[in-house]
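Some notes on the structure that comes next.
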Amino acid sequence: MTTWIITTSNQIAGLVAMADRLGSPVTIVGVGIDVLPAADRVLTVPLTEGLPAEAAAPVVCAAVEARPGDAVLVPDRAGERVLAGALAARLGAPVLTGVVAVADGLFEIDRFGGIARERIRTDRPAVLVLPGGAELPGEQAAEPFDESAEPFAARITAETSDAEAGTDLSSAKRIVAVGRGFRAEADLGLARDLAASLDAELACSRPVAEGVGWLPKDSYVGVSGQTVKPDLYVAVGVSGQLQHMAGVREARTIVAINNDEHAPIFAHADYGVVGDLYEVLPALVTALGRGRDRGRDTR
Ligand SMILES: Cc1cc2nc3c(=O)[nH]c(=O)nc-3n(C[C@H](O)[C@H](O)[C@H](O)COP(=O)(O)OP(=O)(O)OC[C@H]3O[C@@H](n4cnc5c(N)ncnc54)[C@H](O)[C@@H]3O)c2cc1C
């Protein structure tokens, strides 16, 4: 049996951890990347300039000779999800998301934000879409995979960059998450100040991204968004509904700031501030600044 990891970057610590649990020899297939973390076998599917990773799907499918019992691990990122779909179609394999445990070929999956757990056994390979995780050092030069399969004829014709994009929340150590407690988009500046003070990334609840569109869609945390495991998660004006908290279960410390003492978030928080975020955030940013200044004085 083999565990396959398909990736376009070295941000695969989460996948390597799952591969360790599966215990089979590991083959990493890098798409458009040729120096990868060490594994039993490391292959690269080269990408010519202007070709998006998704276009390499036919070549990636040719490279992955998965057999029943094999697991194919793919990071939960936009381009790679397309590769997961192509591989599943080619292998006749199920795509499993939310896998939390594997034992003897039995995959355990959280359902409904973790209130139920489903167990799945398959007599085919399984394609698992998982949070990629932190970056690992590139240690092994990959062998090029030479195959006659033609990539799709897609081309990158233009690129627009989003000021907020490019953050992989799944590997962030500190996160400030904003919810609908903010009255206006401009007020998110308060949360950005706090994030800057804490050297944290900015995330949000689903309505902030999908509803009012104040932050990009890949910024929201929860059962249908990102799964995160930071050391510190500061939830500001977030009510703490089950669907949101499902994405935060592995956070080490949760701090909640909410003006409703009965908000569900307080049942999940290690520390809670019952108060108006419009007063609490500026005070917190000032206090953190003072703390830093004091630290400088004593050096
Ligand atoms: C199938 C499904 C999937 C979903 N998936 C997700 C998901 O992945 N992620 C997700 O986040 N949601 C998801 N949701 C939505 C989820 O159920 C909640 O509706 C959502 O998380 C609520 O977002 P919120 O906490 O920002 O807003 P609200 O629930 O409106 O909470 C706002 C909070 O701000 C507080 N507040 C208001 N004013 C202030 C103030 N001045 N100072 C301090 N606090 C204040 C309020 O007390 C309240 O607790 C899903 C829903 C469904 C049905």
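Every residue, even glycine, has its Cβ placed from backbone N, Cα and C.
Under the heading domain 'Electron transfer flavoprotein alpha/beta-subunit N-terminal', TrEMBL lists 38-134. According to TrEMBL, the domain 'Electron transfer flavoprotein alpha subunit C-terminal' annotation covers 168-249. The feature FAD binding site is assigned by TrEMBL to Arg180, Ser205, Arg206, Gly237, Val238, Ser239, Gly240, Gln241, Leu242, Gln243, His244, Asn258.
Each of the binding-site residues Val238, Leu242 was scored by other CB atoms within 10 A of its CB, and the lowest score goes to Leu242. Least packed by the Cβ count within 10 Å, out of the binding-site residues Arg180, Arg206, His244, is Arg180.
The local packing around Gly240 (FAD binding site), expressed as other Cβ atoms within 10 Å of its Cβ over all shown chains, amounts to 20. Residues Arg180, Ser205, Arg206, Gly237, Val238, Ser239, Gly240, Gln241, Leu242, Gln243, His244, Asn258 are listed as the FAD binders, and the farthest two of them sit 18 Å apart at their Cα atoms. Taken in sequence order, the binding-site residues Arg206, Val238, Leu242 that lie near ligand 1, meaning a CB under 6 Å from one of its atoms, are Arg206, Val238. Secondary structure at Leu242 (FAD binding site), taken from DSSP and collapsed to helix, strand or coil, is helix.
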